[in-house]
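Everything below concerns the one structure shown next.
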Amino acid sequence: MSQYHTFTAHDAVAYAQQFAGIDNPSELVSAQEVGDGNLNLVFKVFDRQGVSRAIVKQALPYVRCVGESWPLTLDRARLEAQTLVAHYQHSPQHTVKIHHFDPELAVMVMEDLSDHRIWRGELIANVYYPQAARQLGDYLAQVLFHTSDFYLHPHEKKAQVAQFINPAMCEITEDLFFNDPYQIHERNNYPAELEADVAALRDDAQLKLAVAALKHRFFAHAEALLHGDIHSGSIFVAEGSLKAIDAEFGYFGPIGFDIGTAIGNLLLNYCGLPGQLGIRDAAAAREQRLNDIHQLWTTFAERFQALAAEKTRDAALAYPGYASAFLKKVWADAVGFCGSELIRRSVGLSHVADIDTIQDDAMRHECLRHAITLGRALIVLAERIDSVDELLARVRQYS
């Protein structure tokens, strides 16, 4: 049995030689730690020609950006690996491939995606991937349908819910999405110039009631195996290709949470574009983001309904019209969770580069205010925003 220890670059090379499935493992000779996240070590492993051939990822027993004062379970590495394996089974073209996982070392070896780029960076740089939103919608439809009650036998579904219980990581989501932004908390992070805006969130009874309802749905609705953190920084893109990574927040939850998080990150980019590109040049890019959102949702909904028509196993759920009615509830959830993502990324612990890298302070603060204002509107008006076209109209209204 392996004993947990924090990997060095040398350890990563030795491990990849053993488990990366390379024809000539001795060709793997060096590694570089490239992780920029908060929870893990990530190594690129290179061959003698300097070509990256594999990724070695190890969970740390604490939140990296905070330190050992915020401990974390290492079991999240098992949950991430098993989530990605399950998602790969249903959407191999859009999920990173896991070659090997060791639960004792909390380490996995996965395919190298050096020919891809992190989508967030490409969005900020205004590099457009016209197929990405459709591919993301297809990924979400495939993995969420095939792990839902529409497809799984009830016994299998209940067993999987138990397998993917993820209380430690869900607690982080519960705090960062639904608690911290609406109270005074040391984890919150925002410029002093936004103090009045953030205080208004804390004093907004209508908003806090709506957030409570969202949190309750996050607690109680085990609809499908979520990615749990499907933002533009956990998606790799290339010409004609999209791959989801980083699923340590995977658990069975409300389908609208993944949809809303994905849409929310496109809207965060939308909010930040005037600061990144200038007001004049941002106009066309903003329209692309809104088109991305439309394509993401319509692709997801069409694929999910087609899968439901073809593959639903439960007689009651297969009744004509039920899948469509279910998706209306998913959409309402998605709009609310989208608003939560906008707010928590603006005032909470973990921000996004789409806005944080804006050099001009006044413009950055204005973009943050835009995200906060839009986020609040989406949360409190979610039940009235009954279509993707209505969502886009609301976004334009708050621009």
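Backbone N, Cα and C define each Cβ position, glycine as well.
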What does Swiss-Prot list, out of Asn40, Asn126, Asn265, as binding the same ATP as Lys57, Glu111, Asp112, Leu113, Asp246, Ala247, Glu248?
Asn40
Name the secondary structure element type, per DSSP in three states, that contains Arg344 (substrate binding site).
helix
Tell me, how many other CB atoms lie within 10 A of the CB of Asn40 (ATP binding site), whichever protein chain they belong to?
20
Rank the binding-site residues Lys57, Arg344 by the number of other Cβ atoms within 10 Å of each Cβ and report the first-ranked residue.
Lys57
Work through the binding-site residues one by one (Leu113, Ala247) and point out the residue whose CB has the fewest other CB atoms within 10 angstroms.
Leu113
I want to verify one value. Collapsing DSSP to three states, which class is Leu113 (ATP binding site)?
coil
Measuring Cα to Cα, tell me the gap between Ala247 (ATP binding site) and Asp229 (substrate binding site) in whole angstrom.
7
Max Cα-Cα distance in Å among Asn40, Lys57, Glu111, Asp112, Leu113, Asp246, Ala247, Glu248, the residues listed as binding ATP?
18
